[in-house]
């Protein structure tokens, strides 16, 4: 069945878009690891582990909209009938459990990446900070999942009564506490690499570039804030349910994608250098053509000279996207890689 309501169309589009984007990000991440090194680490495997859960999450939503729903809808509306609402509640219950698994595994993947960097470059105190946040994420996961799973007693009362039983937690209060603690962990994890990067012996512009790589995860926080605002303003409105679900999908997809972006530096570097290469060649061609036109007006060349002269300048030498990782790291740092302190090279090369 084709989705008929606007909320169903939006959630279906969000699932499809995030599946495509996360799939490309995962393929690119492991493609770079396999062909350029270093070999996949714990951070890479944890990120990959979140992928099938995200597929299952999106699959549940898409299956409900396209197959389960009798109306091609994705919203709580009493007019749709009790059976429709019960089926929707079951689907949402499953996605809530998967949401906690996915977001926690991605957090651990990022922390594992930090640990690999700081283990070689920082003091033991920073390593313990990373370990502490990993423990906090696991504890948060266990508590949050327990509350979500047992939000009604008995569990089947959740869909039998469509969450209206006094023996169930209030959905808005449950989601609000869930998302606020999740957002706190996200922001805290984002801030971990800031003091380390600021201590690197880099020019300010280079420090900003390296920080920007780590701060890409702020997009996840933005999605979390939007989702939180939809929960906070919930006052019986039926529309906000689908909005919360859509932003949950975007949040998970962005989390997986942003966790991959720091490892995709060779792609970004190659794209940037390709533009520099094309710009340099175009400028050289324009300059040569202009000078050739000026000399032609001043003096008419003989035919033999014209036949032996190359009117198009040679392509500039381009070696930016080749060979080793330390060449890539040199693009973000001032001077050659040999002049960069060891800590800077290790941090960037590990990405």
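Cβ coordinates are placed from backbone N, Cα and C, and glycine is handled just like the others.
The domain 'Rhodopsin' feature in TrEMBL is assigned to 28-268.
Taken from TrEMBL, the feature transmembrane segment applies to 12-32 (among others).
Summarising the annotation, TrEMBL assigns transmembrane segment to 44-66 (among others). Cβ atoms under 8 Å from those of the transmembrane segment (44-66) belong to residues 1-3, 8, 11-12, 15-16, 18-19, 22, 26, 29-30, 33, 72-74, 87-88, 91, 94-95, 98-99, 101-102, 105-106, 108-109, 112, 245, 249, 252-253, 256, 259-260, 263 of the same chain, restricted to positions at least 6 beyond its ends.
For the transmembrane segment (97-117), the list of distant contacts is 41-44, 46-47, 49-50, 53-54, 56-57, 60, 127, 130-131, 133-134, 137-138, 140-141, 144-145, 148-149, 182, 185-186, 189, 192-193, 196, 217, 248, 251-252, 255-256, 259, 262, 346-347, 350-351: same-chain residues at least six beyond its ends, Cβ to Cβ under 8 Å. Annotation source TrEMBL lists transmembrane segment at 97-117 (among others).
Within the chain carrying the transmembrane segment (129-150), a Cβ under 8 angstroms from the stretch's Cβ atoms is held by residues 93, 96-97, 100-101, 104, 107-108, 111-112, 114-115, 118, 169, 174, 178, 181-182, 185, 188-189, 192, all 6 or more beyond its ends. The transmembrane segment feature in TrEMBL is assigned to 129-150 (among others).
Here TrEMBL flags 180-198 (among others) as transmembrane segment.
What TrEMBL lists as transmembrane segment is 210-232 (among others).
Taken from TrEMBL, the feature transmembrane segment covers 244-264 (among others).
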Positions on the same chain near the transmembrane segment (244-264), where near means CB under 8 A and six or more residues out = 7, 10-11, 14-15, 17-19, 21-22, 25-26, 28-29, 32-33, 43-44, 47, 50-51, 54, 57-58, 61, 74, 92, 95, 99, 102-103, 106, 109-110, 113, 175, 213-214, 216-217, 219-220, 223-224, 226-227, 230-231, 234, 351
